[in-house]
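Taking it in order: structure first as structure tokens, then the write-up.
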């Protein structure tokens with residue numbers, strides 16, 4: 001039986017090899033045909049292909065693009081000729097050829113631009129890593145070898161891999177390697193940095209000082225770029241307040257006024273059509289909010305993003321697991337809170353079904369409460385995770401400072417970690433104690449920091465952990481590396497505080513527009529609408545009141561989510577704003593405006 005199985009596997013592998021050879025030969029023949037039909041070569045395009053990291057040259061790539069465009073154009077021509085007529089077929093042929101050529105030519109430019117963006121976003125943080133390791137007098141090639149293993153640095157990690165390949169595989173010297181990468185890299189900023197490094201190497205400057213100066217300059221540049229991004233977001237925020245705050249108010253005020261005038265003059269009016277209200281609240285506000293969130297998410301950089309996912313939240317409700325083995329289930333506070341809210345949810349659904357009214361709350365109110373209480377544990381848990389990760393970020397600089405001071409006093413890193421484990425670092429305390437215990441048991445320090453890098457959700461924490469891990473592996477002067485990391489952590493913390501301070505004003509503006517909406521609703525329901533709708537048949541104050549109430553709920557949800565994206569680049573961060581606006585808006589409408 002085993003022999004039969006081995007034969008089956010070997011036959012299967014032979015078939016795979018034959019298939020691969022067949023497709024490889026077919027691909028080669030296709031390339032040869034394209035190059036024979038179209039002899040095109042462009043040096044500038046060769047440069048773009050190189051910067052995009054595509055293993056191709058213009059004399060091969062462009063002919064393949066042109067031949068592919070003609071083949072696809074002919075296929076479209078035949079299909080359109082059968083389905084439509086000769087006019088559509090010719091149009092499809094020309095259009096198909098043009099679109100394929102356009103995509104084929106633009107693709108390397110887009111790829112190069114994406115690579116440049118990834119490099120520029122990670123450049124200052126990669127040089128924080130390089131500067132920290134160079135402070136321990138680690139050779140330049142070894143520093144870039146360490147950087148090449150850290151995927152969290154995105155495009156810079158790939159650049160480091162290319163440098164390592166050139167020096168260790170192709171045996172280029174370090175100066176030739178940097179000069180070559182300066183010409184090839186798609187990032188103009190990195191190209192300039194490479195030339196600075198080469199100049200420093202030629203004159204024999206001390207590299208740790210050069211790397212530190214480059215890091216300082218790059219951090220200042222990144223800070224300016226972040227502030228420029230915030231300025232763009234500030235402009236978008238002003239448009240958002242107008243689009244989702246002022247325009248709905250304008251529609252709400254205009255429709256009854258226009259309806260009243262139309263009734264008096266006995267003429268139809270577009271602005272007096274009540275259908276504008278559902279269009280405004282159900283379409284305009286959600287679409288405008290989603291567009292705003294998409295634009296802000298695209299503009300704001302990922303420098304301080306917290307990767308809190310739904311999977312992390314669901315783990316809180318699951319049985320604990322260690323290396324695939326299910327442990328005994330233990331009740332946690334989150335389980336009791338969930339049970340409490342679900343009991344409230346069941347009571348709310350029961351009140352809805354028996355049509356019971358309590359105070360000013362009716363059937364539909366209890367239905368909404370039931371749904372809210374059902375999902376509230378997951379919402380609150382996800383936000384709790386977000387708060388914990390945010391607080392851990394704030395304590396990292398303090399922890400690193402204490403660790404550095406302990407090491408500088410003469411302790412080794414294991415003893416220093418045990419001393420730090422006695423200090424209170426808020427949510428970070430548990431992690432510090434865990435690391436100290438693992439180190440005291442004899443686990444390698446680099447493995448402990450590697451675990452920290454893998455488990456942390458914050459990019460800031462991951463970058464710090466990556467430097468600490470390499471610090472343990474490199475065997476350099478730990479004191480200098482820790483000092484460099486601590487300074488870097490404080491700089492990041494300060495930068496994040498400055499950005500948050502600038503964004504706070506727009507949080508206030510969006511809240512003001514929310515309360516303005518509630519205030520306007522109160523005036524309309526109690527003063528304006530009863531007078532205007534007195535002589536209009538088919539429309540009542542209750543009709544407008546329902547739309548105003550729904551408008552508050554919709555505005556609360558989308559404005560809260562927008563604030564989360566605006567402040568922390570995460571909808572989870574907007575949960576507190578959503579809940580606050582929903583509760584305040586709901587209660588004010590029910591008890592003061594009338595629901």
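Count begins at 1; order follows the chain as displayed.
Backbone N, Cα and C atoms are what each Cβ position is placed from, and that goes for glycine too.
Segment annotation: Swiss-Prot labels transmembrane segment over residues 334-354 (candidates 334-354, 397-417, 418-438). Between the stretches 305-325, 368-388, 452-472, Swiss-Prot puts its transmembrane segment entry on 368-388. Range 86-106 is the one annotated as transmembrane segment, of 23-43, 86-106, 107-127 (source: Swiss-Prot). Within the set 64-84, 148-168, the record from Swiss-Prot flags 64-84 under the feature transmembrane segment. Tertiary neighbourhood of the transmembrane segment (64-84): same-chain residues 30-31, 33-34, 37-38, 40, 90-98, 100-101, 104-105, selected by CB-CB distance under 8 Å and a gap of 6+ residues from either end. For the transmembrane segment (239-259), the neighbouring stretch richest in Cβ pairs under 8 Å, chosen from 86-106, 281-301, 547-567, 571-591, is 281-301. Beyond the transmembrane segment (504-524), the same-chain residues lying 6 or more positions past its ends with a Cβ under 8 Å from any Cβ of the stretch are 233-234, 237-238, 240-241, 244-246, 248-249, 252-253, 256, 544, 548, 551-552, 555-556, 559, 562-563, 566-567, 577, 581, 585, 588-589, 592-593. Outside the transmembrane segment (281-301), and at least 6 residues removed from its termini, the chain residues within Cβ reach (under 8 Å) are 121, 225-226, 229-230, 232-233, 236, 239-240, 243-244, 247-248, 547, 550-551, 554-555, 558-559, 561-562, 565-566, 569, 571.
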